[in-house]
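S.K.: Okay, these came from TrEMBL:
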TRANSMEM  24-43  transmembrane segment
TRANSMEM  55-75  transmembrane segment
TRANSMEM  96-119  transmembrane segment
TRANSMEM  131-150  transmembrane segment
TRANSMEM  171-190  transmembrane segment
TRANSMEM  196-213  transmembrane segment
TRANSMEM  233-251  transmembrane segment
TRANSMEM  263-284  transmembrane segment
TRANSMEM  296-318  transmembrane segment
TRANSMEM  324-346  transmembrane segment
Amino acid sequence: MNTSNVAPPERAVAKPAINFFERYLTVWVALCIVAGIALGQALPDLFQRIGRMEYAQVNLPVGLLIWVMIIPMLVKVDFGALHEVRQHIKGIGVTLVVNWLVKPFSMAFLGWLFIRQLFAPMLPADQLDSYIAGLILLAAAPCTAMVFVWSRLTGGDPLFTLSQVALNDSIMVIAFAPLVGLLLGISAITVPWATLLTSVVLYIVIPVILAQIWRKLLLAKGQAAFDAAMAKIGPWSITALLATLVLLFAFQGEAILKQPLVIALLAVPILIQVFFNSALAYWLNRAVGEKHAIACPSALIGASNFFELAVAAAISLFGFHSGAALATVVGVLIEVPVMLLVVRIVNQSKGWYERA
């Protein structure tokens with residue numbers, strides 16, 4: 001990729017601070033839960049018609065919303081930064097191990113432990129496998145967009161963050177479907193391979209291609225045009241996510257009203273996974289001698305999830321009414337406050353880290 005017109009990665013992909021909508025994402029998600037449940041109860045026929053708007057097992061309104069959600073995020077990713085991975089190969093290696101070898105498998109284990117064993121008596125028996133599937137989908141793809149915000153808030157190295165995200169997204173195109181299929185199979189959950197592969201093409205491959213074409217066209221007009229476009233389309237992702245959640249909770253409302261404890265129980269393995277993987281990546285970077293500005297984004301990338309993709313895949317694979325879809329939304333609900341807590345921890349532990 002020609003990078004002659006590309007501004008320094010810090011400017012092109014990172015915001016100076018978390019914005020209003022991102023900071024209060026948990027509040028917006030909570031409001032969408034209330035709105036979705038209320039609308040689902042008030043207008044059940046309307047949402048049933050929306051649910052039937054499918055082609056090849058893909059809900060068309062949701063498919064459109066997912067594209068609007070994901071593509072603006074991927075426009076920010078410069079795959080030309082892949083050559084930068086050699087600059088901090090130890091930090092890259094740590095993040096790859098945590099993202100692709102530890103996090104998905106540890107989440108599958110936590111799902112089995114908490115959902116199928118410890119919490120099973122408190123959850124609907126016919127949804128246990130679906131909840132575990134949702135947790136696996138949530139952990140199987142590393143975060144793409146919000147990590148730029150988290151990295152900036154910790155003083156992370158912007159080149160490292162950019163190159164790591166570009167590498168993760170490249171791996172995700174190839175590895176997401178086999179990894180999800182393997183973990184679902186290990187968890188004794190039937191793998192709908194045709195739908196899974198369709199989801200990968202629709203929600204990873206095509207958006208990546210379209211986003212990179214769009215990125216190239218914008219950069220050809222200069223950095224000012226690129227920055228202006230990013231500022232304009234930035235709210236699209238959050239708006240599309242919130243609209244998707246309203247639809248989802250319109251279908252899930254009855255089940256949630258019957259068992260409101262489900263959301264709290266599903267949050268437990270997600271919280272443990274975030275803190276375990278961020279701590280592991282942080283400690284491993286310290287052990288191999290990487291500087292704090294590398295360890296922070298490594299820990300944050302290792303802990304966070306591409307929840308937009310997880311929501312889309314869960315709906316496509318298991319449907320609006322599924323426990324899998326609900327589990328992925330719980331990930332959305334807790335993402336911002338938990339990651340801000342991780343940001344605070346790595347910032348306050350800088351003195352300890354640098355004494356190594």
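Glycine is treated like the rest: Cβ placed from N, Cα and C.
TrEMBL entries are annotated by machine, without manual review.
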S.K.: Other than its close neighbours in sequence, what residues sit by the transmembrane segment (296-318), given a CB gap under 8 Å and a spacing of at least six beyond its ends?
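M.R.: Answer is 57-59, 62-63, 66, 69-70, 73, 91, 94-95, 98-99, 102-103, 130, 133-134, 137-144, 146-147, 150-151, 154-157, 160-161, 164-165, 168, 172, 176, 180, 192, 195-196, 198-199, 202-204, 237, 241, 244-245, 248, 273-275, 277-282, 285, 290, 324-325, 327-329, 331-332, 335, 339, 342-343, 346-347.
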S.K.: Among 24-43, 96-119, 171-190, 196-213, point out the range having the most Cβ pairs under 8 angstroms from the transmembrane segment (55-75).
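M.R.: When the Cβ pairs under 8 Å are tallied, 196-213 comes out ahead.
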S.K.: Do the transmembrane segment (131-150) and the transmembrane segment (24-43) share at least 3 Cβ pairs closer than 8 Å, excluding pairs fewer than 6 residues apart in sequence?
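M.R.: The transmembrane segment (24-43) and the transmembrane segment (131-150): touching, no.
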S.K.: Using Cβ atoms and a strict cutoff of less than 8 Å, what residues sit near the transmembrane segment (96-119) while being 6 or more residues removed from its termini?
M.R.: 128, 131-132, 135-136, 138-140, 142, 167-168, 171, 175, 179, 183, 186-187, 265-266, 268-269, 272-273, 276-277, 280-281, 284, 298, 301-303
S.K.: Which one of these stretches, 196-213, 233-251, 324-346, has the most C-beta pairs shorter than 8 Å to the transmembrane segment (171-190)?
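M.R.: Answer, by Cβ pair count: 196-213.
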